[in-house]
Amino acid sequence: MSERVKVAILGSGNIGTDLMYKLLKNPGHMELVAVVGIDPKSEGLARARALGLEASHEGIAYILERPEIKIVFDATSAKAHVRHAKLLREAGKIAIDLTPAARGPYVVPPVNLKEHLDKDNVNLITCGGQATIPLVYAVHRVAPVLYAEMVSTVASRSAGPGTRQNIDEFTFTTARGLEAIGGAKKGKAIIILNPAEPPILMTNTVRCIPEDEGFDREAVVASVRAMEREVQAYVPGYRLKADPVFERLPTPWGERTVVSMLLEVEGAGDYLPKYAGNLDIMTASARRVGEVFAQHLLGKPVEEVVA
């Protein structure tokens, strides 16, 4: 492929390193030229150098001095991204934010990404959001959703200090995403860190209460399965354990029909272990978002952009 957009990764920890391997394995319309961190002894930077990439511990300053870099994946921290967002915007670079900072609009690739290709900063919400919002949206587009709830269970070993410090932000941000992007009038999010050994795969339970009782169950199943295939295009380990289940249950709105879905996410194992599907879905989604932005920067009409 002759035309490619130069991109860089800011943050050389687990997320940044896994994303590096994904971009090298499947570059699409992107050319990864640099991985940047702040720790000169970082394993991620050492791996980047070994793969022939530019690697710097000078932080964002290194990227700001490189006008040819058009897209920057920020895999640092929310606090750092608040500062980075302003600097990257002033430098004319697009920021794809993998932190909870949310300086730009939330994006979920198969749901609303193409609405935001004119933005210079987009946010990937949370791992639970990337996993469950597509399913809520899939129900909502055929049966408007009154209430959506997700319970995300991840291996304790896959949750580093950043995840643990951001548990409250996770629940708030994911619930907001269920509403703003999923379409639910009210959203609720719960995360559980499971210490079991060997570590479990990421599992998510999603429950939706449609507004009207007379919805088409077959249409809901078809919509959810179609969305599953869309997400599998960039997260191959994303799979429903069964078709959606419909049950009459007591709710705060009286006895209602509840749509329940059980979802499992297995990582690709590019750098992070396969059980860390919660981290893998973030890096896979980031790669997808970067690819769509790269095609758009190269002049491809929005309706023709594919990833």
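Each residue, glycine too, has its Cβ placed from N, Cα and C.
Per Swiss-Prot, NAD(+) binding site is recorded for Ser12, Gly13, Asn14, Ile15, Ser158, Ala159, Gly160, Pro161, Gly162, Thr163, Arg164, Gln165, Asn166, Asn278. For Arg164 (NAD(+) binding site), the count of additional Cβ atoms within 10 Å of its Cβ stands at 11 [all protein chains shown].
Taking the Cβ of Cys127 (active site, acyl-thioester intermediate) as centre and 10 Å as the limit, one finds 29 other Cβ atoms among all the protein chains shown. Per Swiss-Prot, the feature active site, acyl-thioester intermediate maps to Cys127; the stated evidence is sequence analysis.
In three-state terms derived from DSSP, Cys127 (active site, acyl-thioester intermediate) belongs to a helical segment. If you take the C-beta of Asn166 (NAD(+) binding site) and look for same-chain residues 6 or more apart in sequence within under 8 angstroms, you find Ala78, Pro100. Counting only same-chain residues at least 6 apart in sequence, those with a Cβ under 8 Å from the Cβ of Gly160 (NAD(+) binding site) are Gly13, Asn14. You'll find the Cα of Cys127 (active site, acyl-thioester intermediate) roughly 19 Å from the Cα of Ser12 (NAD(+) binding site). Within the same chain, residues at least 6 positions away in sequence whose Cβ sits under 8 Å from that of Ser12 (NAD(+) binding site) are Val35, Val36, Gly37, Asp39, Ser42, Glu43, Gly44, Leu45, Ala48, Ala55. According to its DSSP assignment, Asn14 (NAD(+) binding site) is helical.
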